[in-house]
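> Structure in structure tokens, see below.
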Amino acid sequence: MRRLAASGAAGAAGAAAAPAADSTDCAQGRSPRPRRLIDLCALWDTGVSSPAAGWKRASGIARRRLNEAETLSSVQEAQLERLEAARPGRLGSGERGPVLRMARQPPPPSVHAAILLCLLSLSGAIEIPMDLSQPPTITKQSVKDHIVDPRDNILIECEAKGNPAPSFHWTRNSRFFNIAKDPRVSMRRKSGTLVIDFRSGGRPEEYEGEYQCFARNKFGTALSNRIRLQVSKSPLWPKENLDPVVVQEGAPLTLQCNPPPGLPSPVIFWMSSSMEPITQDKRVSQGHNGDLYFSNVMLQDMQTDYSCNARFHFTHTIQQKNAFTLKVLTNNPYNDSSLRNHPDMYSARGVAERTPSFMYPQGTASSQMVLRGMDLLLECIASGVPTPDIAWYKKGGDLPSDKAKFENFNKALRITNVSEEDSGEYFCLASNKMGSIRHTISVRVKAAPYWLDEPKNLILAPGEDGRLVCRANGNPKPTVQWMVNGEPLQSAPPNPNREVAGDTIIFRDTQISSRAVYQCNTSNEHGYLLANAFVSVLDVPPRMLSPRNQLIRVILYNRTRLDCPFFGSPIPTLRWFKNGQGSNLDGGNYHVYENGSLEIKMIRKEDQGIYTCVATNILGKAENQVRLEVKDPTRIYRMPEDQVAKRGTTVQLECRVKHDPSLKLTVSWLKDDEPLYIGNRMKKEDDSLTIFGVAERDQGSYTCVASTELDQDLAKAYLTVLADQATPTNRLAALPKGRPDRPRDLELTDLAERSVRLTWIPGDDNNSPITDYVVQFEEDQFQPGVWHDHSKFPGSVNSAILQLSPYVNYQFRVIAINEVGSSHPSLPSERYRTSGAPPESNPADVKGEGTRKNNMEITWTPMNATSAFGPNLRYIVKWRRRETRETWNNATVWGSRYVVGQTPVYVPYEIRVQAENDFGKGPEPDTVIGYSGEDYPRAAPTDVKIRVLNSTAISLQWNRVYPDTVQGQLREYRAYYWRESSLLKNLWVSQKRQQASFPGDRPRGVVSRLFPYSNYKLEMVVVNGRGDGPRSETKEFTTPEGVPSAPRRFRVRQPNLETINLEWDHPEHPNGILIGYTLKYVAFNGTKLGKQIVENFSPNQTKFTMQRADPVSRYRFTLSARTQVGSGEAVTEESPAPPNEAYTNNQADIATQGWFIGLMCAIALLVLILLIVCFIKRSRGGKYPVREKKDVPLGPEDPKEEDGSFDYSDEDNKPLQGSQTSLDGTIKQQESDDSLVDYGEGGEGQFNEDGSFIGQYTVKKDKEETEGNESSEATSPVNAIYSLA
């Protein structure tokens, strides 16, 4: 018998509706016994009516996530998994497998996600009802990087809501996109979604670009993100002839893949030409770049060839590179397979041992940049004999165990969801018995913008004040740009009620005319964020948005939520009352959320009643009522037991249920986690399932599911069916190993004040010896019903003396453990109460801290049942001011805190907390020092002196304050400073206040990271635990000139082979007066460098044209700006590589080659002979063996495979763009000027310009219609490729 977790709740808070009332039911699943109940909030919201189906759906999601995580064990599998997960309509392998979980396991991850989503929805902002006037809001849009399939029509989504309904228009590449002028482009009705139709022809590539949607009504304009549209590409592999690779046995080897660039990048995997996957291990593995690395080559590596395959996602094609053939030179030509497992395999084969060296990356150090939130992949592949082991370390710390994962046989380290803390130096250590080397990788973490405070819609009443805040962070620090109705705020008409302060817009005394949609765009070099937030000015009395007098039915002890959606402007205040009486419900067992929902943390019987919510503002009030009914939970109190039955006998599985009589009960059964079909041999009753004439197919797990509209409970048992002729010995041998049966007949003997002997009878071990027994206890005073581990004993013991604590009413149970798992707990023993005694210890973690300036809160960790030692456990709290030797104050407390009032500010106290029960007091407690509450400091630092150190730092010195003015614990001295202006004219600066902290009682410090050439102001304060003290006198200082930042947007263009054009923009931060630019450039050809040339330009020059000395060499340019202080940060670019014209000039026309003409003639002669033979055979009454070819597998000589491209099936196959469909449903090739059909050699397959066949996914139906009565391959090795890919 196996007990399973059950569901108690459906929906976000409730249950099923009563027939006679307009009701919303939900019962969120937090139970006092969590192993029995699981929240099914998500299942109810998706409309699942069958408890079994709902459970399967939730656990299916959990299985899929689990399986996805487990399959990411290598580079190849990781690529395939990520690509498969992205395909729409594709089910992962995790859709199959076990569905139900055991009782003590946690709920599935999908259920946790449902609970999280339900709770997060409570804090959402209040929305304007759609019948009220409001500006537009974007509700749906395509992703920023939108890659489309070239065979499909293009869809760019843009949906918005508003009142009146918004109209839409688009821009393409920042210019108005006139949809009416293009017959292929249309916009969906009542939507802004663009549809570009290619059924009548056209090239999708012509529509690539950056699109932005504008939704407008009379109250404002909302913007979508800038959507970058790209068409997926899957280019062919360049044709090449590969010579055999000759390598000495034991030497390292890299087989380069170099796949054609695709969009998105293809998935790489290696196979042999006979379609067998290449076995990878510590010695032979694929790198992240797709290359195949051999740490050392062995003779057996010659037994196969190696072909690199590239799978392109959108076009569903696989490109195959010509195979590499290895020739291994060896001193021992005999490939004795027995030597593979030899303890010293290399010496046995005469291979010299070598110390490790790195194949990738090269050298001893490298660097890598990764964006925050992305995955960091570090890779080290080493050669050596024997094969080296790879270990990973981080300098100055440990690897993040919760995010780090080793892949590709420890050659790769993946850190997921990278944050700034993951930057630093990592190194990999490659070692074998000959020595070790290491490679250091310096990791820098940058960040695209991410929200700290995203702007939210602002709903104000006339005359109210408000603000929009747009705060984001990133690395580099992102810039913030405000827009209104899609236009820059600077060019908008002035508004006296609006003030812009950096990342905040402040509205004062707003009026109806202030309605608009504001956009905040924050960006840096790694990306951007765009947010819309409207300002709506309304004057609306409160209104309720939900039906009146709802009925909510919930399960006892669950958490539930009563919804009361409302709206009004000004925003109303909401209060809840129960049964029309009492005070506002908030606090304790109740919690009210911003959206008006009332959460009851644990439902009790007395919570049943009528709840009233009242929303009030200055224009009036509105109220609504919700009736709450509390129902008893559904429980299976007699569960089915595991059974072993002979074939042909009758088996009965019991399932007796207790439920709330007002709810309809349904009992159903699952077999092996699938719905059970009740056939003629089975009889289902309300409390049992009977199987007559048991057969082998009846063996498996049976789950009883007892469900009502609100909850369900499950219990599971396993039925084992034995052959009727098996002997007892054979039967035991045939039985699978299982968990042990529960121990039984627990008995207490040798009763003493502080000990007792517990004896039990072991249960059946089910063919796996019992290794341990766990003894648990439960007491009925402090935590009734909760079992705790007491002790653990070996499996050979069935009697033990247990040490006990005084005054505990013990009850024991025993759990048996073997290698398969744990048994169900035994039935509990009889109770035994030990006699009482005074406490032998006192509470721990005694603290005294002030929560206000005139009090001190004394807290401690309460003692548990086994340390109470007697009834009425209480605590004697004593306190007195330190060093005054005054008498002790005392109080008796039954809780875990006591507040001392009317205390002086921040005074030390001596504190003691002693335990006491009815038998006496505990030992004398230790004295702890605590402090009363702090107040704000009364004084500011004086005589603040500033010394400028350089253009970005200053030194501060001040006089410390007197200790008695701190009025608390001095945490730090803090300097507040802000940039008042720049010494450069017309340069806008942010006056945002910044701070520098100087912990401890110190008289000096340094403020750094200032802007050069600027005027600053500075104030200082003292900080204690309460907060800041008064500010010092404001000081002013000026930073000197500094070196400028790098010139922006440095561009190198080469219009022809004689000249190179350079362009750049001024530095973002001049940090002084620019006096010019310095350009250094040098010619290089491979590793050869020419003489460096230096050019100086005036500060206004931003272009330069250079005459090339020769058309072959490339140039490396380094540009920097200068001030009087010196040159700033430089930026480096290289000229483009010259085109390679030699290859195209040396190509010969294959059709004019003599060998080609001879080959064509030979093929024509062979075809003629075959036709004659077939004609003769048919005339004699024979039959042409068409069927014979059906069973011939695709061999390596097949012409379809020579160019490395072939087809493989998929259920979502679509023909390539440009194919036409005839009336009979077959797919025909479009005419082409370069088709082999024109030469009399054409077929019905599609060929590329180089003659290679492009394979496609095709469904079986399409293939049959295209090929007619031709035979097809019954088993294709390409299917194996697809399953691996």
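For all residues, glycine too, the Cβ spot is worked out from N, Cα and C.
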> According to TrEMBL, region 'Disordered' applies to one of these ranges: 1-31, 32-62, 94-124. Which one is it?
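The range carrying the region 'Disordered' annotation in TrEMBL is 1-31.
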> Can you check how the pLDDT averages out over the domain 'Ig-like' (238-325)?
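Averaging the confidence scores along the domain 'Ig-like' (238-325) gives 88.
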> Against which stretches of its own chain does the region 'Disordered' (825-850) lie, if we need a Cβ under 8 Å and a gap of at least six residues from its ends?
742-744, 746-748, 751, 753-754, 756, 758, 760, 776, 778, 780, 787, 804-815, 856-863, 867-871, 873, 875, 879, 896, 903, 906, 909, 911-923, 925-926, 928-934
> Under the DSSP assignment, what numbers of helix, strand and coil residues are found in the compositional bias 'Basic and acidic residues' (1028-1038)?
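The composition, in the requested order, is 0 helix, 5 strand, 6 coil.
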> Sort out for me which stretch, of 449-536, 541-629, 633-715, has the most Cβ pairs below 8 angstroms to the domain 'Fibronectin type-III' (940-1042).
449-536
